[in-house]
Amino acid sequence: MSENQTYDSSSIKVLKGLDAVRKRPGMYIGDTDDGSGLHHMVFEVVDNSIDEALAGHCDDITVIIHTDESISVRDNGRGIPVDVHKEEGVSAAEVIMTVLHAGGKFDDNSYKVSGGLHGVGVSVVNALSEKLVLTVRRSGKIWEQTYVHGVPQAPMAVVGESETTGTHIHFKPSAETFKNIHFSWDILAKRIRELSFLNSGVGILLKDERSGKEEFFKYEGGLRAFVEYLNTNKTPVNSQVFHFSVQREDGVGVEVALQWNDSFNENLLCFTNNIPQRDGGTHLVGFRSSLTRSLNSYIEQEGLAKKNKVATTGDDAREGLTAIISVKVPDPKFSSQTKDKLVSSEVKTAVEQEMNKYFSDFLLENPNEAKAVVGKMIDAARAREAARKAREMTRRKGALDIAGLPGKLADCQEKDPALSELYLVEGDSAGGSAKQGRNRRTQAILPLKGKILNVEKARFDKMISSQEVGTLITALGCGIGREEYNIDKLRYHNIIIMTDADVDGSHIRTLLLTFFFRQLPELVERGYIYIAQPPLYKVKKGKQEQYIKDDEAMEEYMTQSALEDASLHLDESAPAVSGVQLESLVNEFRSVMKTLKRLSRLYPEELTEHFVYLPEVTLEQLGDHAVMQAWLAKLQERLNSSQKSGLAYNASLREDKERNVWLPEVEITSHGLASYITFNRDFFGSNDYRTVVNIGAKLSSLLGEGAYVQRGERRKAIVEFKEGLDWLMNETTKRHTIQRYKGLGEMNPDQLWETTMDPTVRRMLKVTIEDAIAADQIFNTLMGDAVEPRREFIESNALSVSNLDF
């Protein structure tokens, strides 16, 4: 960590104007509908912490996705300055949080290098959050300030003492701005992984309280380590990663790391000033041209082209190549605001010159590595030639087929790809039902016999010789491979994988996804691939049958059924509560149960279910020992009354001296093993806790002496609302036969249309790639040649399996 220089309110330069942010958020943060703007909110805050790391003052960052879809970002940097800003008359922290383009990066002495995508600052995050809490640890004190929709609720105030320093920002994006507030683990992990590789030595912990998942990202070795990570579970062709880093006199910094592996796909990542370029740009063009030139020059010098009687191309050179190009440019030019493509012309020359120099030297100084790489390149050229011949054979056979389409394909009448659907169906029997049940105008059916080839393990020439793969390629019409592929010739823009809900169905679906991910990734990127979602249950009641789509719908159906002819009597003499009134109470109670289930990764339901019946604890009351002691006694009483065999609960108070509060802690002893659960201040301040106690208070106050539920002639005396609902659910379950549905072949054509193929009622999952690096690794681990990584994956994830079908 570097020594502290003067970093106070005088370092904060102000460029005013925040009014437009809420009116046109897309200009500042990206699309507010598709999730990109939502995730960029997190990246803006994380980038501030990375800037502290680049300045040498921070090496530990924590990002938490909370159960209510709020986000916390905490670092151990210097802490945002809290002294009064001379120009603005409020704390410097408040200036940073409320004024657009205010911050230390506009003062060259505070940050020499800074990241960030749009360069708008954390003030935009504040403006677009329904609530944001800023906590700063600095100069031995803890400072805190709360904002609602970007407006400070009170001045910055001291709330405790601390021996550490750093900044903690906890924000909840505004539902008024963002269409869908759901954070994707994959999108956040992808960016955080990149940042940890690009900033060696910085540790970033990503935690997801919704699922209990967490991952710590910290890598020494920069881009070299990044390439090694990308090639995990793959066999390298050149044993050592080629790497160079140079700072040129023209101000452009160039760093490249690369290594070939035994796969058949190229994986090139480009960055400018830590920002990824999805569409490449001038740095990629310079890299590709110099790579091909250097390798072809080496082949010519060694006389390998004549010896092997083959002509190599740039595509052959990049088969199985993993490479990262990172440039540092003082004033980069991009094709758009999202910076997906670099257009600075001077960067092409810089990358080309440095790559020519260093890579040519590498080939000459490492003859064994060079021969292995060139050997792979020549093999790729041979395979390309073999694939061309195989394609010609396929075309000759196809010429005999009048339509040029596979015989098994039942095509649709529609010729507009945007309106056409292709169902890839498992097996001929389900294919027959689908053909009879479909809408012939827009829906085409292609039955796939058996399991298609695993393309992860097969060379290109072998793959296109496979009958099932060949049939699929012909049906799609867009071709495959660099020479043949043309997305404009794709015959269907809706390709739907429809397989059974068993192990074989899952395997076939995985093989098809592997094929699309490896060979036709643009179809996935454009959102053309879908997975059909047939119903999960068939429910019989008497002679009536009904298909139900999933567990949530099943719970809804059974609840509705349980409430038929049911009534709740609040005491012995009270009139019955039934119909819409009872349904409303049940829905409120179910919403509480869902909240508790969501929280169960952090706090066991066996504890939190009692909070429904306990008085509310406010944040102020946490500081009152007597109040907390009385509340704790009630909790302990309930825990004792519900104690199960082999379990023991012991509740106590733990003092948090930093915040001057008393926190409930429960010791759970299960068969002699003790674990501890502490309910922290954030829990009692959360919306989830308030929802639980508010609805709990409402339901508890309803029931009096002699309360009971009744259904028909049967009745059950109850003390708590949950008792009554459980009894009604058990009663209705007895009257239903529930079958978990697995095979498409179990449905007749009409049922298949009504449940799975009718566009007005069907459910489908769109296949997307949010983290291409993680997707590459998972496909390689599960579908590749190496057995050991696959076994490790299965062993480490075995306990997470919720539905194992033998």
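From the backbone N, Cα and C atoms, a Cβ is placed for every residue, glycine too.
Record features (Swiss-Prot):
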- E426, D500: Mg(2+) 1 binding site (BINDING)
- D500, D502: Mg(2+) 2 binding site (BINDING)
- 420-535: domain 'Toprim' (DOMAIN)
- K451: site 'Interaction with DNA' (SITE)
- N454: site 'Interaction with DNA' (SITE)
Number of other Cβ atoms within 10 Å of the Cβ of D500 (Mg(2+) 1 binding site) across all protein chains: 22
Binding-site residues compared (E426, D502) - highest count of Cβ atoms within 10 Å: E426
Euclidean distance between Cα atoms of N454 (site 'Interaction with DNA') and D502 (Mg(2+) 2 binding site), Å: 19
For N454 (site 'Interaction with DNA'), nearby residues of its own chain (Cβ under 8 Å, 6 or more apart in sequence): L511, T514, M783
E426 (Mg(2+) 1 binding site): secondary structure state under DSSP, collapsed to three categories: strand
Confidence summary (mean pLDDT) of the domain 'Toprim' (420-535): 84
DSSP-derived class (H/G/I helix, E/B strand, else coil) of D500 (Mg(2+) 1 binding site): coil
